[in-house]
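Here Swiss-Prot flags G206, E207, P208, G209, V210, G211, K212, T213 as ATP 1 binding site, drawing on similarity to another entry. The domain 'Clp R' annotation in Swiss-Prot covers 3-146. For 159-340, the entry in Swiss-Prot reads region 'NBD1'. Residues annotated as region 'Linker' in Swiss-Prot: 341-545. Annotated region 'C-terminal' per Swiss-Prot: 769-861, in sequence order, evidence recorded as similarity to another entry.
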Amino acid sequence: MRMDKLTSRFQQALADAQSLAVGRDHNIIEPVHVLAALLDQSGGSTRPLLSQSGVNVPALRERLGEALDTLPKVSGQEGNLSIGNDLNRLLNQTDKLAQQHGDAFIASEWFVLAAADDASPLGVALRAAGGDKKKIEAAIDKLRGGETVQSENAEEQRQALEKYTIDLTARAESGKLDPVIGRDEEIRRTIQVLQRRTKNNPVLIGEPGVGKTAIVEGLAQRIINGEVPEGLRGKRVLSLDMGALIAGAKFRGEFEERLKAVLSDLSKNEGQIILFIDELHTMVGAGKADGAMDAGNMLKPALARGELHCIGATTLDEYRKYIEKDAALERRFQKVFVGEPTVEDTIAILRGLKERYAVHHGVEITDPAIVAAATLSNRYITDRQLPDKAIDLMDEAASRIRMEIDSKPEELDRLERRLIQLKIQREMLKKEKDEASRQRLADLESDIDKLEREFSDLNEVWKSEKAALQGTTKIKEQIEHAKLELEAAQRRQDYAKMSEIQYGVLPQLEKQMLLANEVEHHDFKLVQDRVTAEEIAEVVSRWTGIPVNKMLEGERDKLLRMEDELHRRVVGQEEAIKVVSDAVRRSRAGLSDPNRPSGSFLFLGPTGVGKTELCKALADFLFDSTEAMIRIDMSEFMEKHSVSRLIGAPPGYVGYEEGGYLTEAVRRRPYSLILLDEVEKAHADVFNILLQVLDDGRLTDGQGRTVDFRNTVIVMTSNLGSHQIQELSGDGSAEAYTQMKAAVMGVVQAHFRPEFINRLDDIVVFHPLDKAQIKSIARIQLQGLEKRLAERGLKLDLDDPALELLGNVGFDPVYGARPLKRAIQSQVENPLAQQILSGQYTSGDTVRVRTEGGHLAFTKG
């Protein structure tokens, strides 16, 4: 017999049989070796073939193992291995059967058929396990589908649909698919296209996360429930697994062979199968090599003839990029656009899915949580689509509650740690012999006893609460399972089973659920199993950094005292602080316009009066860190071409992939303070970009992504009108301020365009600083020096006359507070540094600073 006339699978089985014989010290290869190798072959057709013909495969494998154990073993042989007479005879019989059926290559199924009525131990074992020649022959005919074996790889291509597709209708029948709520219009349109005579192939196009795959799952569920037109009843929806199709296709033509086998199996089923290709664009170019045909081109003839009933799904961008370029492929599909559902539709979808997620996590999901998931995700998570982002929110919030139930409560954990500390102390005190130690040990023992009792009581409470929650989870799972069984019985029209479930099993389970809920209605002390709107808000805050969760009392008080907090760092400038504080309070109370930034201001004033310092203080107040402020020095954007640095370079330019300086910063931290410093120095084109941000709270970057600025506070600083401010500042009265602001606005209107000024929430003019304010600033700035000295173990004691002197030296009405910093450096820091280095002060000393003859004098305190 020529080995090259065997199929590759049969050749592999013979090689495995040889290895099996060598491993067991057999010097003759028998038929049992070959069948054992065929049964153990991964992806082979022998095991499913025998199962279909009614053979008990595990029992057969066991009998083969016993037969192998009885074969004689040979030790010390020199590798002489031969084919036994029984195997030789069976192989000849296999060859004969293959020729009778017109096969060019000998397939492994003929070996199984030849063994069915053979007198060898293999035949006996096969018949004992339920093997019947006629049944095996019928199973072979069904497996081959009337085709002959004409290629070496013919066995690889069998059962292509089972290997390379996932049966969605079977999954829907077994209740493994999530329910699909709404989307009736899209499903109806898909069915309409599928009912056409030719080009009956819909392609679902929509943004990622809008539910394209869910529509096909909904169609599969409708087919199972018989809620489709006559033309689609009884059809199967199979999802093509592109990963399985491509994986392991090592040689050229292997991928095409697999795809051809799938198409061949589909055409045999004569329109009874609808093929779903998720990520349809992957078919274009798949398997493409020099001169080879890609998968998209192989599909075209089958699509055009109507042999292939297909549903595709892809995103808008990928459809444009891949499918539209291939006009011949595009015209064979009918577009069905899937839009993003509204917030109301999303709430309905979440209500339908709620039970599945509640059972999976073993928690209760409240209706306010569902409404919050839809509304908050729509408002704050702008770079993703509904309903996907809302489902993710609900899922993560439920996961968080489940994790808290499973892990030890904080109170118990704290008690346990305290107990460990006390027990360590007890062991140390046991080694001491003095009376005081014995007394402390006795006190410690009583503390440990008290804590252990408290810990034990709490632990019991936690365990009982946890057990109560787990009980309801189990009942929920049983109810879910009973409902699935009821649906299956309804489809089979098994009225006895339906009656048993509907009037027996379900009411009993619901009664148990009611009793369990009554136990749960007592407020649990340590665990919580309800997902509420607060949990959803907490997850949104963690995702985006935007504080949308319910404000704690402490935070409310902090916001009401915001002006006082800012005045600790910024001296004077009442109007500016009031305007900024009001904007933040509006935003946190949820009253600000949801389609504009939380606040947009232009700060005007001479240099050194606190414009930038107020922004730093605000960032520190909001985020507890000045690092959270996005600071952009607008003097860097004086040229026209530098505008692209803010939003990213356009396509074709260097740096296109990197994104913009402003847009990337806001995408990473959507809740932030943006400081555009020295804004008048920027090129006029920068303001064209800012118009969109100030009006709509959004900006499109160089890559076409929309960046959300609605949760930012935008502050621009400028020195415009400084001369007028110095001249007209007057006595600080309201009239003088109004007159000064009018003069400054004249300068501002001459520099900025009306459409830019009109979009700002407020223009704030800062006052020049007077001597009293400079003195207060000196006190604030010296606090930084005190901190640095404290790190070295030194204290600073500076009296009022010394502070007055510093204020006088550092006062300059033109330059504001900046000369004060230089005055502190020259008058205090420089002489103090010399004295510390010379060893005059050591750790623990106090540095006294006093005035002597118009100068500052330093003494050790």
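Counting starts with 1 at the first residue shown.
Glycine is no exception: its Cβ is also placed from the backbone N, Cα and C atoms.
Where Swiss-Prot records a feature, it is marked here on the structure.
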residue	record	Cβ within 10 Å
G206	ATP 1 binding site	21
E207	ATP 1 binding site	16
P208	ATP 1 binding site	13
G209	ATP 1 binding site	17
V210	ATP 1 binding site	22
G211	ATP 1 binding site	28
K212	ATP 1 binding site	24
T213	ATP 1 binding site	15
Legend entry - Additional residues around ATP 1, ordered along the sequence, whose Cβ is within 8 Å of the centroid of G206, E207, P208, G209, V210, G211, K212, T213: T315, V338, Q385, D388
